[in-house]
Amino acid sequence: MSKSGTPGVNIRPDVIINNSIAMVILATIFVSLRVYVRAIMIKSFGYDDWILLAAYISFIVLSSLSLAYGSLVKANGLEPVIDQATLILVFRSFFYSVDMTMVKLALAAFYFKVLPRDTWQRHVVVIATGLFTLYTITLGFVFLFQCGNPMDIESTNCLPDAPLLATSWTQASLNAFMDWLLTLLPVTIIFKAQMSKRTKISVIALLGLGVLASVISVARMPLLHTGDVTGLDTYVRVTTLLVVSNWENCIGLMAISLAALRPLLRKITKGSTYATAQYPTGNTKHSSMKQYNKSRTQKSQIEVQTTFQVQAESSQEEIELMRRSEETKYTVDVAKEQVRRDMV
């Protein structure tokens, strides 16, 4: 092995270890905050939250395998443990497919809840996510058993490299397509929906994280081709591919988790809201009532009571509120007027 192929210089196990730890910490913080908001604060833990938890668990497995690979190479060098390292990478590749699928399902579940019923956008999300899930999981099993028993590292009875590379490129293309689809598709509805300016800004910020994940999914595609390097030098390319792929899934988890954190942010800033209500700056009765009504509106967060009662506790609840209002022929303005009359 040439000096350029030495693990300490080119394989860079420290990069894998440090990035994996950072990703686990970030993903754990954001997912934990979402679980706190959904399960404890608003007590509305739905199927999309369970899907996100499944995606998080698969991400922890993926990161653990990455950590095991990096730690093994760092402690022993690559050549003495090449078989064990390769076996870890085989299983890591499978769990990457599983985790990527779960992240896309979690994103699709979020948009499925907020997109209006009987719209073409909703049908596109269902069909595209179903096809992506079927192809990605199938490909994960193909790669896991490409040489028969995955535990038999010495097996030479493997599938040809060319078809495997072609399927990898297809999967990467579908992955990039799904990222861009789930990022750009909601834009067709956001600016038409009757949402507050603050809500639109929040959703656009989340879409910005989706754009970042989309860019990463495109950037990792050239890393799939390792035909220009041979021997242990292929593991140099694997290091970059591994880190970039894991960050893609981590950012996806963070973006989905952020979508439910608005109630927590309101709770943190509630003190200033109550201060405004308690000590209005106006000197007249009209000014005091205006400040009081503003405080009440912020506190209730558009509490509507018609044939149902809905409280907009997060971005997706507020969007759901708009959709339900349209279906029952009421607008948000009518709902606010009803609240004002009830207060009087």
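Each Cβ is built from the backbone N, Cα and C atoms, and glycine gets one as well.
Predicted automatically and left uncurated, TrEMBL annotations should be read as such.
Quick look at what TrEMBL annotates:
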DOMAIN    33-267  domain 'Rhodopsin'
TRANSMEM  15-37  transmembrane segment
TRANSMEM  49-69  transmembrane segment
TRANSMEM  89-112  transmembrane segment
TRANSMEM  124-145  transmembrane segment
TRANSMEM  172-191  transmembrane segment
TRANSMEM  203-223  transmembrane segment
TRANSMEM  235-261  transmembrane segment
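Beyond its flanks by at least six residues, the transmembrane segment (49-69) meets 13, 16-17, 20-21, 23-24, 27-28, 31, 34-35, 38-39, 85, 88-89, 91-92, 95-96, 98-99, 102-103, 105-106, 109, 242, 246, 249-250, 252-253, 256-257, 260 of its own chain at Cβ-Cβ distances under 8 Å. Among the listed stretches 15-37, 89-112, 124-145, the one sharing the most Cβ pairs under 8 Å with the transmembrane segment (235-261) is 15-37.
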